[in-house]
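Q: Starting off with a structure, shown below.
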C-alpha cells in the first residue's frame, strides 16, 4: 500500500480553517473523488454531517467539487455516521460522505467516505483519489455537470431501520430511558427510536447550536447523564458521541457500563439465541475481564489493534459478526456495516427486556479488572521500549502477572510519550507494577 499524504485511518481530519480542513481542499477532494467514482453506475453521492457549524461550509465545497466532476450530491443533513452507511446502500449511491470529527470539539472536523455497500473505501480507491488531488482541476461539459438535491425523509428511513433491528415481539413500554445525544448527529434520531418502541424518554444533549457538540455531554463525558439517571429514577441511560458511532451506558444506580461490558452482554445474548456466528473481536485495550468472561462461555476472543477499522478487518478475516472497543465502538455486522451506537444500545435493551433483568445485573457478569494507565514523556529520539533494561523489567512484571493480569506498552504515534498500561485483578499490584515499569522507562 502506498504511503498516504492526505487520508488517515479514518479519512481526512483536522482543525477547521487549517489544511486540510479548508473549503478549497474540500472542493478539490470532492472533485477528485467524483472523477474516480464517476466511472460507475448512478453518479450520485450521499452527503451527511454532524452538527458542527463548519459542516455547512464543507458540504457546499464538496458538492461543488462533485458537480464539476459530473456527480450529483444528495444532502441528508445532520445524520449519524452509521446512518450514512445504511442510506448509501439503500439509495444505491456511488458512495457516502460523512462530514464529522466524531467525539472531538466543534473546532475540528473531518471528511470520510463509504463505498456503495456502506463500507470503508478500498485502499486502491483512496490511493487513486489521493493521486488526483495533486493534479489541476478540470470541469466536465456543462450538460454533464452534477446537480444537488435534498433528501427530506432520511431521518425517518433510518429510524425505521433501527426499530427493525429490535425483536418484533418485544417493546420498551414501562422503561424510563435517559438519552444523551452529545448535541450531535443522533439528536433527532435516538430519542424517537426509543419513544416509538414504547419507552418514556428524557432527553439531554439534544439542542445542538453548531458549537456545543460533545461539550460536557455524550459518550466521552457521562457525568450529566449519570446525575439525571439517578435523580429521575430512570432504568438506564444511553450516551452517544457526536457522530453516533459509539455508545456508553449508565445503569439505574448511575454506574458506567463501558464498551467491553456492552460487547459481552451482546455476545452472551447472541450465544443464547444461536446467532453469535463465531467469536468476538476486541482490541489491545479491551479489559482482561472481558476476555475471562467470554472464556467462561467458551466464546473465542481475539484482539485487534486499537481502532474500529482494525476490529472490522479482523471480523472480515475470521468471518465473525461481533466486535468492538472499550470506548464504545460496537460493530454488529449482521445489523450494519460499521459501528452503530443506536443499534448496539438496542441490542442491550433487547437483552434486558428478554430476561427482565436490569443493566446492572447484566453487566455484573463482566468483572472488569482494575486498569492503571500512565503516560511517560521521554526526551531525544530513542524509543525507551527498545532498551534492554526496560524489556527486562517488563518481562519480570509479565511473569508475576501470569494468568491474573497483563501489561501493554506502546509508543504514541503523535507525541514523545510511552503509554504504560497494567491491569490485574489486584488493583494495588497493578499500580505497583505500573510504577515499576514507569521508573525503568524514565531511567532509559
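Every residue gets a Cβ built from N, Cα and C, even glycine.
Fair warning: this is a prediction, and the values are worked out from it, not measured in the lab.
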Q: Can you pick which of 102, 115, 387 Swiss-Prot lists for the same Mg(2+) site as 241, 243, 245?
A: 102
Q: So around the Mg(2+) site, 102, 241, 243, 245 aside, which residues have their CB within 8 A of the centroid of those CB atoms?
A: 50, 80, 81, 100, 103, 184, 185, 219, 240, 242, 244, 246, 341
Q: Output, ordered by sequence, the same-chain residues six or more apart from residue 243 (Mg(2+) binding site) with a CB under 8 Å from its CB, or 'none'.
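A: Spatial neighbours, sequence-distant, of residue 243 (Mg(2+) binding site): 50, 80, 81, 98, 100, 102, 103, 184, 185.
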Q: Would you mind checking how many other C-beta atoms are within 10 angstroms of the C-beta on residue 241 (Mg(2+) binding site)?
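A: Result for residue 241 (Mg(2+) binding site): 33 other Cβ atoms within 10 Å.
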Q: Would you mind listing, in sequence order, the residues at least six apart from residue 245 (Mg(2+) binding site) in the same chain with a Cβ closer than 8 Å to its Cβ?
A: 80, 81, 82, 102, 308, 329, 338, 339, 340, 341
